[in-house]
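What follows is a single structure, written as structure tokens, with notes after it.
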Amino acid sequence: MTSQTTPAPAPEQIRRAPKVLLHDHLDGGLRPGTIIDLAREVGYEALPETEADKLGVWFREAADSGSLPRYLETFAHTCAVMQTKEALFRVAAECAQDLAEDGVVYAEIRYAPEQHLEKGLTLEEVVEAVNAGFREGERRAKESGHRIRVGALLTAMRHAARALEIAELANRYRDFGVVGFDIAGAEAGFPPTRHLDAFEYLKRENNHFTIHAGEAFGLPSIWQALQWCGADRLGHGVRIIDDIQIADDGTVELGRLASYVRDKRIPLEMCPTSNLQTGAATSYAEHPIGLLRRLHFRATVNTDNRLMSGTSMSREFEHLVGAFGYTLDDMQWFTVNAMKSAFIPFDERLAMINDVIKPGYAELKSEWLFQQTASTRGSVASAS
Ligand SMILES: O=c1[nH]cnc2c1ncn2[C@@H]1O[C@H](CO)[C@@H](O)[C@H]1O
Ligand SMILES: [Zn+2]
């Protein structure tokens with residue numbers, strides 16, 4: 001294709017483009033103003049700032065530590081205000097609304113139910129409040145002219161010991177708003193094999209799961225997640241580049257694990273801004289997503305934590321467009337990759353690709369044809 005048919009998309013086109021989000025934490029995406037409201041309602045007094053703008057900046061800066069464990073400390077404040085049904089409902093509804101307004105048409109949002117029990121909620125009450133919030137957010141989005149579908153992923157914390165219980169919970173709610181399972185939290189020192197019983201259970205149930213791996217720890221973590229635990233997708237997975245050698249003449253050689261990941265089309269849930277903050281990557285331009293896209297890995301673009309990273313799906317794409325010169329075709333490629341990798345049934349994924357994503361990009365890609373340019377605007381006389 002010529003560059004004329006696929007010019008660099010403008011920020012406003014990026015926002016309108018249909019996007020698919022597979023890796024976003026519910027407790028990492030609250031509106032700062034909502035945190036302040038909820039803190040007031042529940043009497044939480046430990047917030048570092050009491051003005052929304054300043055609180056947003058505080059989260060971004062505190063998360064900019066270069067270390068995953070320190071990045072994760074900021075979640076104490078968001079989890080603290082997400083301990084009632086009402087709070088969970090509100091946060092989930094706003095999450096769906098915010099994503100829809102940003103042009104996200106399908107999202108899988110994760111959270112750890114075990115982190116929302118401090119005020120006496122049961123695990124089931126947590127899941128049901130969040131699900132109800134997502135349905136409300138979908139409804140509000142529709143009212144304002146957007147379409148979004150949201151599924152939940154239930155996360156177990158890798159330093160804790162409740163993975164099997166949470167996996168069973170995910171399985172119980174699998175036809176009721178929950179589409180899969182995940183483990184998250186500090187990676188170094190907490191290998192995914194600690195939770196083998198949970199993964200084996202889910203496999204026996206024919207259920208789906210992703211594992212945060214290859215973010216703060218390297219290839220052994222990815223290898224375990226895939227070959228011992230049987231993960232369907234990798235959360236981040238950026239360190240897979242440690243198994244890719246590039247010679248001086250540009251020849252690329254994949255090691256056994258990187259080959260496996262590419263050959264088996266293992267989806268990589270990549271989150272560029274989050275990786276810069278935790279030190280998993282050094283700059284957008286050097287982010288492994290550039291190489292992995294060139295090598296046709298099943299790479300996807302994600303936000304991880306919109307609050308801590310001050311980001312959105314559109315902003316992640318803007319950064320990538322700036323760093324790699326991506327076009328709408330590249331955006332479509334990432335989006336179709338993500339939709340193919342979602343945990344909902346195949347026929348629904350296919351319909352989203354064919355009936356929502358491709359027509360959405362076709363519409364955007366055709367816009368240049370109708371731009372008023374000097375050559376089509378006026379008569380020869382008026383141009384002189
Ligand atoms: O990038 C990440 N890597 C590992 N764990 C994370 C990341 N982002 C958030 N969480 C953890 O997942 C929990 C449930 O949503 C959050 O509370 C946070 O501790
Ligand atoms: Zn994450």
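Counting starts with 1 at the first residue shown.
Cβ from N, Cα, C; glycine included.
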*Per TrEMBL, what member of H77, H116, H208, H212 joins H23, H25, D304 in binding Zn(2+) at one site?*
H212
*Taking all residues of the domain 'Adenosine deaminase' (18-358) together, what is their mean pLDDT?*
97
*Show which residues of the chain containing D27 (substrate binding site), separated from it by at least 6 in sequence, have their CB under 8 Å from its CB.*
F75, T78, C79, M82, V91, Y111, A112, Q115
*Taking the Cβ of H236 (site 'Important for catalytic activity') as the reference point, list residues of the same chain whose Cβ is under 8 angstroms away and which are at least six residues distant in sequence.*
H23, H212, A213, G214, E215, L268, E269, M270, C271, S274, N275, A280
_All-chain count of other Cβ atoms within 10 Å of H25 (substrate binding site)_ = 24
*Any same-chain residues 6+ apart from G185 (substrate binding site) with CB under 8 Å of its CB? Would you list them in sequence order, or say none?*
L72, M157, R158, H159, A160, H212
